[in-house]
Amino acid sequence: MKLAILSRNGKLYSTRRLVEAARVRGHSVRVLDPLRCYMHISSDGFDMHYKGAPIADYNAVIPRIGTSVTRYGTAVLRQFELMGADTPNPSDAILKARDKLRAHQLLAAQGIGLPTTVFGDNPDDTNDLLSMLGPPPHVIKLNEGTQGAGVMLTEKMSASRGVIEALRGLYAQFLVQEFIAEAKGADLRCFVVGGHVVGAMKRQSPRGDFRSNLHRGGTAVAVEPSADEIETAVRAARVLGLGIAGVDLIRSHRGPLVLEVNSSPGLEGIEGATGFDIAGMIIDHVFASHAGVTAKRNRKPASKNAKPAVKGKAKKKTKATSPKPKAAKAARVARPRTGSRTAL
């Protein structure tokens, strides 16, 4: 398989691990800075150049696109898609996940648990908006922030109004959510690959902070999520169209609630906490998906000259001797295998 990884920095842990895993499996892999990719678009076809030379014929592309380059990065990914490359996370799916409001609307429409959320624009509506949510504490989030940036906790109604007023003065879009006190500053990161939870970790916020992101000094330990948590994570990734996702859940009295679905989840924390070869699982999934798509494309249609089936009595089906298989679980947590542990 000829594989491209879209990443601004080939030295980042996640990018390096994906390259290593691909090469160990015998695949050709190249890291491409999406900002150095430029496109030719016409009704005659699509072309791409990279640093002065044409690039084409990639079988698959793994996007590792940062939030600061979301628009251009997804445009590059879309160009690859139009040129025939497969990807576990399509450009449209990434755009859905990066827009927190849109993601919450899509997840809520499918009955997936979320913290109660409000969103509004006009300053005259702030008091009524907050009354819809209920009394503080409130969590106020920028609509497109990541890694805990742009997330604030307010403990008084006046503080909530003040933060909202300040954000509106900056023309920033934001969400206001209920604070889940029973979570005690912890959340779960469920790593989904190809419809399965392949690893999970519990992240705990540092003293004096309610944000559990590892980039904010949080700590992480491997956990085995419950059946409800696994189902919620898998469904959330599926609703947004992501083959690879880091689904952040919070445990509440009413069950697991989705905080965020990350379309470019980091590997260092999850591999360090679980010891699983998550990068290898991603490469295996991308290769299997590409092989399946290729086989489907190459499948020959039935010949026009094929004889129609003879009408008549159908043969009586013999009862199968093997028992009927039970319905498979929506997802499973991967177990460590010999030689699959990642050095910490």
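Numbers run from 1 along the shown chain.
Just so it is clear, glycine is given a Cβ too, placed from its N, Cα and C backbone atoms.
These features come from TrEMBL:
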type     : residues                                 : note
BINDING  : K141, E178, F179, D187, R211, S212, N213 : ATP binding site
BINDING  : D248, E260                               : Mn(2+) 1 binding site
BINDING  : D248, E260                               : Mg(2+) 1 binding site
BINDING  : E260, N262                               : Mn(2+) 2 binding site
BINDING  : E260, N262                               : Mg(2+) 2 binding site
COMPBIAS : 310-319                                  : compositional bias 'Basic residues'
COMPBIAS : 326-335                                  : compositional bias 'Basic residues'
DOMAIN   : 104-287                                  : domain 'ATP-grasp'
REGION   : 294-344                                  : region 'Disordered'
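This view paints the features noted in TrEMBL onto the structure.
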residue: K141; record: ATP binding site; Cβ neighbours (10 Å): 21
residue: E178; record: ATP binding site; Cβ neighbours (10 Å): 19
residue: F179; record: ATP binding site; Cβ neighbours (10 Å): 15
residue: D187; record: ATP binding site; Cβ neighbours (10 Å): 23
residue: D248; record: Mn(2+) 1 binding site; Cβ neighbours (10 Å): 21
residue: E260; record: Mn(2+) 1 binding site; Cβ neighbours (10 Å): 20
residue: N262; record: Mn(2+) 2 binding site; Cβ neighbours (10 Å): 20
### Message
Taking only the residues in the domain 'ATP-grasp' (104-287), give me the average pLDDT of this model.
### Response
92
### C-alpha spacing of E178 (ATP binding site) relative to D248 (Mn(2+) 1 binding site), in angstrom
16
